[in-house]
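Per TrEMBL, the features are as follows:
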{"type": "ACT_SITE", "residues": "69", "note": "active site, proton donor"}
{"type": "ACT_SITE", "residues": "141", "note": "active site, proton acceptor"}
{"type": "BINDING", "residues": "123, 379, 423", "note": "(S)-malate binding site"}
{"type": "BINDING", "residues": "212, 213, 236", "note": "divalent metal cation binding site"}
{"type": "DOMAIN", "residues": "46-227", "note": "domain 'Malic enzyme N-terminal'"}
{"type": "DOMAIN", "residues": "238-492", "note": "domain 'Malic enzyme NAD-binding'"}
Ligand SMILES: NC(=O)C1=CN([C@@H]2O[C@H](COP(=O)(O)OP(=O)(O)OC[C@H]3O[C@@H](n4cnc5c(N)ncnc54)[C@H](OP(=O)(O)O)[C@@H]3O)[C@@H](O)[C@H]2O)C=CC1
Ligand SMILES: CC(=O)C(=O)O
Ligand SMILES: [Mg+2]
């Protein structure tokens, strides 16, 4: 379905001009009161005129990304069956089993497709199992690839796997878009996923697949199962936190006068995100010369039962690696007690528990550290572990802060404090662009790690002086070029690059080549299909 741009010319007066219409669209958008209304308006605009849509988003990144992505996309997902207007993206249901190939073949982009974001809706942000309502998260992520990295719209494929839902209120909802059934058992789901991946390989041989918001067990399992068989990654277990942490650790070590590696990190939340991020942070220590064992010892994890220790009965597989052996005693369940035991320099929240970092917790962190690192990373904002203004006030301005969803700057005692946004949206657009351009066969660990380091190195002098830990989002296109560059070089080093021509390019030429490949919203042939 190409947007109806041809008919627009017939119905508009002769003095109609694009520039005016952009302003008109922006005014219409801003007249909407709620985030959800703005989301609905923007998605309608994308359908009517995708060029104006992307022009507006590119020109107003800070204002519009929080609508298309977290936090508002969370509302859009929760209410998707009710706000649904037109088909967008691809649903593949468990009832398609046996002929998934045929469903994929129907996607109009065919061989042009380069990147798919695939969710099964089972853990959308921190909102739980939303079933078929999860599609907007895939659409929102792909909009970020387009806006943030310059991936061509027509090459993107948003996919929601409809395997039912275990959330009864959706099954009971007469407007629910998806299948009214419970999710399948592991055996049935594995068989479905195997056919899905085999079919994707056949129909879209040049595709990069991003798994998104699968529930924790499946996030790890399907990544392990498929990552060497197809070009697959999962950005929820990804690298963005490492980038911000490197910059935060520099600031906190400098203030404390301690060596950079002298960090103890407490993860509050040990799901796919908590454990995935913890594994990424290992490299922070190992590049500084610590052994794997020493690096692991710097990391503590907490779940709903408290500090994760190796002697706990029935510990889930993904929690065993970081389980502590140096604590014996009654389970440590209160966060305050855990902080007193661990004495962390950094507290990272991936728990989905709103306000879990209470005033007492934050003040204790500030008492123990000149510059405490506090990253409440759960999304959307309504599930964030602590609000920025509170963190600034309770630490008397000393906090080094990054949250999963955006916060505004705050004034405190006459000074302006700028929050960081530790969200994988900084990484995956550039990682995707680099993977697509290098025609990498797989996404290797070092491609992800180099992406993270490139992001951390991308701070400008002014951003460093402002003590930011992430660059300003308004520069996302340039940042994505830097990340894509690092990813391409890493793919070459690992020998997984299919585009061997890039190997002979000098750094400057490669850099310019990446820039020249970024799609701009002037080419109407690249319509959103
Ligand atoms: N900023 C970013 O870029 C990203 C942010 N996220 C966010 O991370 C969050 C978590 O995602 P994910 O790991 O997949 O989700 P999970 O539901 O798998 O994990 C949540 C974790 O928090 C723990 N937890 C729940 N309640 C408590 C509690 N009261 N006290 C302590 N721990 C608790 C759970 O414990 P138990 O294991 O015992 O159930 C579990 O370990 C989401 O909000 C998501 O939006 C995810 C990816 C990227
Ligand atoms: C940001 C993201 O991917 C998440 O919260 O799941
Ligand atoms: Mg996610």
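Using N, Cα and C of the backbone, Cβ positions are placed for all residues, glycine too.
Note that TrEMBL annotation is computational and uncurated.
What you see is a predicted model, and the numbers here were worked out from it, not measured in a lab.
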Which recorded positions sit within 10 Å of residue 69 (active site, proton donor) - Cα, from 123, 141, 212, 213, 236: 141
Closest of 123, 141, 423 to residue 213 (divalent metal cation binding site), Cα positions, recorded positions only: 123
In the chain carrying the residue listed as 'active site, proton acceptor', residues 6 or more apart in sequence that have Cβ under 8 angstroms from it: 69, 117, 158, 210, 212, 235, 425, 428
Cβ atoms near residue 423 ((S)-malate binding site) (within 10 Å, other residues, all chains): 25
Residues close to divalent metal cation site centre defined by 212, 213, 236, Cβ within 8 Å: 119, 123, 124, 137, 211, 214, 219, 234, 235
Contacting recorded positions, sequence order - 69, 141, 212, 213 vs ligand 1, Cβ under 6 Å: none
Close-lying recorded positions around ligand 2 among 141, 213, 423, where CB distance stays under 6 Å: 213, 423
Sparsest-packed of the listed binding-site residues (212, 213, 236) - C-beta count within 10 angstroms: 236
Taken over the domain 'Malic enzyme N-terminal' (46-227), the model's mean pLDDT: 96
Where the C-beta lies under 6 angstroms from ligand 3, the matching recorded positions among 69, 123, 141, 236, 379, 423: 236
Helix, strand or coil at residue 236 (divalent metal cation binding site) [DSSP, three-state]: helix
